[in-house]
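First the structure, in the form of structure tokens, and then the observations on it.
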Amino acid sequence: MSCRSCCICFTICTLITILPVIFTEIFSPSSVKFHVTDTLLTQFNLTNNNTMYFNFKVNITARNPNKNTIVYYRRITAIAWYKDNDFAYVSLTPFDQGKKNTSLLQTAVFQGSSVIKLKPRQLAEYYTETRVGVYNDLAVDLDMRVRYKYGRIKSTRFNPPIVQCRLRVPLISNGTSLSSFNDTKCSNSYFFVDRDAGDG
């Protein structure tokens, strides 16, 4: 292989490596923000055999603040957690989100039973929270696969960082609760980056 061919190959490899970085730096849109706007918890009963019976609904909004970016949500999985135990997951309806838009995701409905194992301290906290009527360590994560369009440039599909929504949820019993739910901002890293980009 001639020296010129080697230089051309090196240049092409370098461009392939740095172009995504340049694109991100120049065209990086602002991150999408997620909020849990409402919850409905009507059952959260842990039995002696470590089976949790639950009926838990969550409303989540996504805010796209960008005037030049459309987001295409191709897969959305909502995962429910309690004290480091994931106990249910549901698939939400994919959708396209327009520019400078706040969208309400399909309501995540977690209903059924699951075996969870709480440590002694966590079990004591569960009984205290049950007595008070408010659960402090419920959470919902969003695992998504998306793509986006910036102007006329469309990205490939990728998996953004997991969105984590840590919640303080009141139990509703006989139509009433001892507390109210407060709109909660979810935490997530910069949205428009593939969390798996460094793997392999």
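The backbone N, Cα and C atoms fix where each Cβ goes, glycine too.
According to TrEMBL, the domain 'Late embryogenesis abundant protein LEA-2 subgroup' annotation covers 60-157.
Restricting the average to the domain 'Late embryogenesis abundant protein LEA-2 subgroup' (60-157) gives a pLDDT of 96. When DSSP labels each residue, the domain 'Late embryogenesis abundant protein LEA-2 subgroup' (60-157) comes out as 13 helix, 61 strand, 24 coil, counted as helix, strand and coil in that order.
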